[in-house]
Amino acid sequence: MTISRERVLEELARIAVPGGGNLVSADLVRALSVESGVVRFVIEAADAAARSLGPVEAEAQRALSALPGVEKVQIVTTAPTVPRGAAPQVTARSGGEGAPPSLKIGRHPTPQAGPAPVSGVARILAIGSGKGGVGKSTLTSNLAVALARKGRRVGLLDADIYGPSQPRMLGLTGQRPTSDGQMIEPLHAHGVTVMSLGLMMKEGEAVVWRGPMLMGALQQMLNQVKWGELDVLLVDLPPGTGDVQLSLCQKAQVSGAIIVSTPQDVALIDARRAIDMFDKLKTPVLGLVENMSTYICPNCGHEAHLFGHGGVAAEAAALGLPFLGEIPLNLDLRLSGDAGTPIAAGDGPVAQSFARLAERLIDGGMA
Ligand SMILES: Nc1ncnc2c1ncn2[C@@H]1O[C@H](COP(=O)(O)OP(=O)(O)OP(=O)(O)O)[C@@H](O)[C@H]1O
């Protein structure tokens, strides 16, 4: 038996809240998602009210878990700092190591007709992949550094909420953005202005963020971060075709998307899905990049193709899309990312492959 959204709302409408009414009539339920027996939502209350909502959350958890067809219930209670309907406001303090800053993000987006430009930002490039682990984040950080080394003013927004890795890859682990109560001061590394959505969330919170919450969070990341004047803002997306991609393309004027794939067939099938999604969202796909292309044995110089080779170029040709370049499979590339200094910040053949990619984008007017 499956549980419907309507049935969940009906149950939530039975749960009284302090101050009168119930969870539904008091309009406290946000981002409700009901999928395959998993119910997720956010209880959004005014600051003061949130403290008294613990029992309400517990009651909702109990009541929903008892319904036939419900496998799992995930609820997060949040409190905005401004009354609902007012412009979203960010509050922050400098956090200690490990603790997320107390930024109140992820509430409903402010009404906006359609995709809007981000003040001071000339271009927004979305870096996507169909599949996880193909090296999208590695490519984004290195490309950002390579572009910065060529004199471009570059920003990087880590919107990979399910596995934000940019702080580590750029050597920013433990650093927290600050805010003056209105605008967030981003971080800086290797000549790149950096902001990560992951730094704003409590652990585990991301999983319940769907649709409107994500949209609000992204909107804040785009419009309430002091990006300054940028030639290009790279957005590191989560893998796949989900709410973040949708929200970004609906809220921001994205100049184009770059799709990263390994040469394997299975990754390419997913890449095709990602391309199809950007097409539907009317975001031009600027081209494809092949990662983990060639492996050169550091001992004997033998060249091997662990995941095949040329598959992405062939796919790009078949789809009539530009092939933007290839990045080799290289141990130092991984180690430097883990150590927080992207390999593109140095010299050598791998840094050069990122430099070539950066040049290609600059020459094509894409960055
Ligand atoms: N060309 C490469 N050579 C060697 N290691 C690589 C290469 N590209 C990526 N890696 C390594 O593979 C792992 C996955 O890369 P990365 O996190 O960039 O992938 P991703 O596509 O962003 O993954 P996810 O979408 O799951 O976050 C990392 O440990 C990274 O260092």
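Cβ atoms are placed via backbone N, Cα and C, with glycine included.
Across the domain 'MIP18 family-like' (5-74), the model assigns an average pLDDT of 85. The domain 'MIP18 family-like' annotation in TrEMBL covers 5-74.
Annotated region 'Disordered' per TrEMBL: 84-117, in sequence order.
A 10 Å cutoff on Cβ-Cβ distances gives V134 (ATP binding site) a total of 24 other Cβ atoms nearby, all chains included. Taken residue by residue with DSSP, V134 (ATP binding site) is part of neither helix nor strand, so it is coil. Taken from TrEMBL, the feature ATP binding site applies to G130, K131, G132, G133, V134, G135, K136, S137.
Long-range Cβ proximity for G135 (ATP binding site), meaning a same-chain Cβ under 8 A and a gap of 6 or more residues, is found for S129, V260, T262, N291, M292, I327.
Checked against ligand 1, the binding-site residues G130, K131, G133, S137 give G133, S137 as the ones with a Cβ under 6 Å from it, listed in sequence order. Close to the recorded ATP site, the chain also has S129, P239, V260, S261, T262, A267, N291: residues not among G130, K131, G132, G133, V134, G135, K136, S137 whose Cβ is within 8 Å of the site's Cβ mean position.
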